[in-house]
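J.: Got these off TrEMBL a minute ago, pasting:
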{"type": "TRANSMEM", "residues": "26-53", "note": "transmembrane segment"}
{"type": "DOMAIN", "residues": "28-462", "note": "domain 'Major facilitator superfamily (MFS) profile'"}
{"type": "TRANSMEM", "residues": "65-83", "note": "transmembrane segment"}
{"type": "TRANSMEM", "residues": "119-140", "note": "transmembrane segment"}
{"type": "TRANSMEM", "residues": "152-173", "note": "transmembrane segment"}
{"type": "TRANSMEM", "residues": "179-199", "note": "transmembrane segment"}
{"type": "TRANSMEM", "residues": "276-295", "note": "transmembrane segment"}
{"type": "TRANSMEM", "residues": "324-342", "note": "transmembrane segment"}
{"type": "TRANSMEM", "residues": "349-367", "note": "transmembrane segment"}
{"type": "TRANSMEM", "residues": "373-396", "note": "transmembrane segment"}
{"type": "TRANSMEM", "residues": "408-431", "note": "transmembrane segment"}
{"type": "TRANSMEM", "residues": "437-457", "note": "transmembrane segment"}
Amino acid sequence: MGGGGGGDTFTVDDALLTLGFGKYQYFVLAYAALAWVSEAMEMMLLSFIGPVVKRIWRLSAKEQSLITSVVFIGMLVGAYSWGVIADKYGRRKGFLMTALVTTVAGFMSSFSPNYATLLVLRCVVGIGLGGGPVLCSWLLEFIPPPNRGTWMVVFQAFWTVGAVFEASVAWAVMPTLGWRWLLAFSSIPSFGLLIFYLCTPESPRYLCLNGKIKEAMTILDRIAKVNGTEVPSGTLVSDDDVVASDQDSTPTKRHKQGALTAILKLLSRELIRPTLLLWVVFFGNSFSYYGLVLLTTELNAGRSACAGHKVKAEETEDVNYKDVFITTFAEFPGLIIVALTVDRVGRRLSMAVLFSICCVLIFPLVFQQSDMVTTGLLFGSRICITATFTTLFIYAPEIYPTAVRSTGFGAASSMGRIGGMVCPYVAVALVQGCHETAAIAMFEVIIILSGVSILLIPIETKGRQLSDNVKQKCQP
């Protein structure tokens, strides 16, 4: 199986089409899902921890904002760095390191004796969480093209599962056991990643691209055995070799590249336009998503305080857990929207429409609204921004060829981390400073820019196979 036969060749995508989506992919999805739940929990806890430690350690609004921002600073470093490591040394090694960093720093942060220690440890957690794009690239490279959109939506659903679970845990733990226990409990899924790591395979697409044909065939044979199918007859080749053969030239050199080479490829003539526009979209999407999460805990409380209705912190909850829990459930209808549109309408158009609807829903918040109306508008906005975020995480790795997929996705994700880094100073500091109108106006402008930028990207990936070759990938 997989031996040379009459000069016939096949690529990894050809093999995946024949092997189908079966039990083996379910295992890969389960591991990726655990990692996604872990990342969602570590991110969502930020909206619960900030208000509590602000009261306990008597922090200013800017100091509270910094607790969230340092996580994104770490993710900014991690997203690009882990992407380069994964493209150079393999997907498995990339997400092993991310899981190890996240687990250790996440658990240790529950023992933080003071504000400075908490900042340092949460920044290290952010570095680990920056490996999310590596995980997405790894999963994507096991899924047959016809199933890619559907199953990547299923994968993204586990972020919502993690977010809702974190809201539930916070509601149960924080009022009785406190914030340290929430940090400790939230690190448990990361330990699971380390336990099951030895069972995870390397991406056959990555192995094939780097000349490790025998190892790639071993993985494909294993998939065939578990799924009850057969690998195509012929010789396994990468897309680079197919393109070289079509052009009557020698196969290209294998892609062992450094960080500088990788970033230069992202800014090459073929990729510079989608790369730069994707950076804008990631910035806007992360700014909006995490901003809406923070607004859920800040907007009603901030307006009440500014209206002169502030009560002593000791007499009220630090966080309105009910509002956070309700708005977090908005992510489920967002996922349903993605499932219905991503392979029918396409990635770009669906994101542009959802950004527009989000703008319409946020606009009334410029004016004073009742708590119920505010929660309802944030619920609708969260639906839209969750749907765009999910679609973007499907679309971004599809744009890039295998040789720079993790790097390209990681670099774009880094731009998103800058958005996440800035948003607390808008959603928390501005709101607590009684500048709610200015805060909402900034969200409106950034969301509009994101919608325009996604339409300007000249590539639609709906129904396309993944590619190993830059020129082949960038054809409209």
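Just so it is clear, glycine is given a Cβ too, placed from its N, Cα and C backbone atoms.
Note that the structure is a prediction, hence the values are computed from the model and not measured.
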J.: Per the definition of 3+ C-beta pairs under 8 A with sequence separation of 6 or more, do the transmembrane segment (179-199) and the transmembrane segment (437-457) touch?
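T.: No; fewer than 3 Cβ pairs under 8 Å.
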J.: I need to check the long-range neighbours of the transmembrane segment (437-457): which residues 6 or more away from its ends have a CB within less than 8 Å of a CB in the stretch?
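T.: Apart from its flanks, the transmembrane segment (437-457) reaches 273-274, 277-278, 280-281, 283-285, 287-288, 291-292, 295, 348-349, 351-352, 355-356, 358-359, 362-363, 365-366, 388, 399, 419, 426-427, 430-431.
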J.: Give me the stretch from 152-173, 276-295, 324-342, 408-431 with the greatest number of Cβ pairs under 8 Å to the transmembrane segment (26-53).
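T.: Selected stretch: 152-173, with the most Cβ pairs under 8 Å.
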J.: Select the range from 276-295, 349-367, 373-396, 408-431 that forms the most Cβ-Cβ pairs under 8 Å with the transmembrane segment (324-342).
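T.: Comparing 276-295, 349-367, 373-396, 408-431: 373-396 has the most Cβ pairs near the transmembrane segment (324-342).
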J.: Give residue numbers and ranges for long-range contacts of the transmembrane segment (408-431): same chain, 6 or more residues beyond its ends, CB-CB under 8 A.
T.: 50, 61-62, 64-66, 68-69, 71-73, 75-77, 79-84, 86, 126, 130, 132-134, 136-137, 263, 266, 271, 275, 278-288, 290-292, 294-295, 298-299, 302-303, 396-397, 399-400, 438-439, 442-443, 446
J.: Where does the mean pLDDT land for the domain 'Major facilitator superfamily (MFS) profile' (28-462)?
T.: 80
